[in-house]
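Here the structure comes first, spelled out in structure tokens, and everything after it is commentary.
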């Protein structure tokens, strides 16, 4: 039994009816139909079309909504980071510090006091600098600097490693990503602050999680025993302290795992001389050249040790202490516009 091709016949009838009654159809309807028909043809009959373009076009409303929400809630995320960090610091001073003083030996007390306050200063300093430091923008005036592409949204030339941020609505020098927890883009001039903040916050969470483990176990057992018959008597202060300890341990352990993974990921990218965006670009370029029997080499990879020295701004041995282990607001190497470093991969920087 043969199926009747009713689709083409029905479409032909609709076209004939529309032609006969063209004067009856409102002009706005005909314009909307023509615009929709043009969009369909551009997506289906363009010789330069690809699945990436189709997916970007279909998901454009989703990207637009995500960019608007991220921009609106940026300050809320910053306030949330400040509130959560302040609550952990308050609990550490009121609960964790008295336990350390009454339990540990004098040397351990001095170590905990020095390490805890040093870690807190590093977290606060790098978070403030990461949020308040401009990531770097390409010049908008006419200049003779070399560029690799042209931004269709900013209508300006883009230097190497520069990408457009849809949330900030501008191009960013050596853009890594837009961080909602900073309410700022991570670029050339604040990438080091962002990474250092992630490192020291992870170390601080690990320290609180390990130091407060025994307190968490005692508080958890105390809360579990309150459901027994007859329940033990706890004062309001003791209940509040137990809940605070459980809150601190759960939050710091969760952040340590999640942020620790993110920090390791960025450390791997820094070792390879890449950013988060360049990771995907280099992967596609590597696959494209592999099909042609060629090998792709990242032009911004100067060797692992050199990559770290350039990223951290280390120029001599004392900088490992003054610029890495202590708060430092030194500018990164280079201006973010040109990347001509006379280095070879196996040649270390003279430090």
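Each Cβ is built from the backbone N, Cα and C atoms, and glycine gets one as well.
Quantities reported herein were computed from a predicted structural model and do not represent experimental measurements.
Only residues 6 or more beyond the boundaries of the transmembrane segment (76-96), in the same chain, are considered here, and those with a CB under 8 A from a CB of the stretch are 116, 120, 123, 127, 131, 180-183, 201, 208, 211-212, 215, 241, 244-245, 247-248, 251-252. Look at TrEMBL and you will find 76-96 (among others) tagged as transmembrane segment.
Among the features that TrEMBL reports, transmembrane segment is placed at 108-128 (among others). Within the chain, the transmembrane segment (108-128) has long-range Cβ neighbours (under 8 A, six or more residues past its boundaries) at 81, 85, 89, 92, 97, 100-101, 182, 193-194, 196-197, 200-201, 203-204, 207, 211, 327.
The DSSP breakdown of the domain 'Palmitoyltransferase DHHC' (149-280), given as helix, strand and coil counts, is 75 helix, 18 strand, 39 coil. If you look up TrEMBL, you'll see 149-280 marked as domain 'Palmitoyltransferase DHHC'.
If one looks beyond the transmembrane segment (193-216) by at least 6 residues along the same chain, the residues whose Cβ comes under 8 Å of a Cβ in the stretch are 85, 88, 92, 95-96, 99-100, 112, 115-116, 119-120, 122-123, 126-127, 129-130, 133, 176, 179, 182, 186, 245-246, 248-249, 252-253, 255-256, 259-260, 262-263, 266-267, 270, 311. Feature annotation from TrEMBL assigns transmembrane segment to 193-216 (among others).
Sequence annotations record features per position, and here TrEMBL assigns transmembrane segment to 246-270 (among others).
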Positions whose Cβ lies under 8 angstroms from the transmembrane segment (246-270), at least six residues beyond its ends: 84, 87-88, 91-92, 95-96, 176, 195, 198-199, 201-202, 204-206, 208-209, 212-213, 215-216, 219-220, 223, 276, 279, 307-308, 311
Across the domain 'Palmitoyltransferase DHHC' (149-280), average pLDDT on the 0 to 100 scale: 89
